[in-house]
Ligand code: TXA
Ligand code: MG
């Protein structure tokens, strides 16, 4: 299959409305979208990514008017979160509208919903006839794509169209809050921190880490994720890497350690998040075998970075 790269939201939306799948930019990471009313199109997403069939997709909307097409009831906690954080890097889990296909939600009675803030994403979604289900636009298990070239590297020949936009400004996937339970629960950390969520809905519970392995509430959390081919070695703040190999790289916030040629020194946690996945991919292209990753402080977006780093490193243990 030929993969076209376009900057036209109209062209990209036409593919969606014809039952095809399209990668598109958002402020978190690029998504791989399909019309939620087309089971055939949704199946193409799973096939192109090699995604396990029990891992549900997030539905993307362009305005709050589309909520009723996707969700069946909206509890007060969700209303407050939506009011404060939509559009933006937040996904809320709600009971689904019975019309929403089981393929979108992988058989769950709930559905994840997000309204991206990115103007290109919004314009694209406005031109799509129905809401658009979209996981991150990467081969399953690989780092999420934060620019169109990463999408193209992973999915060329497997999807007909990439909507080209700028690099995703946040660089990590959305914060996910399950509002179908009481009290609501944080399922995935992201740019919107637990502290800011609790400023709006104080009773939100943090997710528990052992649920990664024991039937997690968010099915995707049990799969390996975010992994480059290189081995990931985590370094707590201030600790230099223990062993250095010639073919290694370093990403972190503090000073560059000696003896490592390829480094990404970030000014703050926000820049770390922005650069992380593209650095992983760059290291793979350059044949780096070990990436040392400094663990950022465990607050704000630092918690989301730590979560992604820990899961990227887990694959090494297998
Ligand atoms: O920022 C993002 O969220 C990006 C952009 C494209 O919107 N999307 C994204 O999708 O990261 P994906 O599929 O890579 O991650 C979605 C996560 C998965 O772990 C999935 O299991 C979980 O959301 N999820 C989706 N629907 C769910 C539901 N109904 N209940 C619990 N977890 C759900
Ligand atoms: Mg993903």
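Cβ coordinates are placed from backbone N, Cα and C, and glycine is handled just like the others.
Among 76, 114, 185, the residue that TrEMBL places alongside 28, 60, 134, 174 at the L-threonine binding site is 114. TrEMBL names 51, 55, 110, 136, 144, 188 for binding ATP. Of 226, 272, the residue it gives for the same site is 226.
Remark: of the binding-site residues 55, 110, 144, 174, the most isolated position is 55 (fewest other Cβ atoms within 10 Å of its Cβ).
Apart from the site residues 28, 60, 114, 134, 174, the chain places the Cβ of 26, 31, 58, 89, 91, 116, 173 no farther than 8 Å from the centroid of the site's Cβ atoms, the recorded L-threonine location. Checking the binding-site residues 28, 51, 55, 110 for a CB within less than 6 Å of any atom of ligand 1 leaves 28, 55, 110, listed in sequence order. Within the set of binding-site residues 28, 110, 114, 188, no residue has a CB atom less than 6 Å from any atom of ligand 2.
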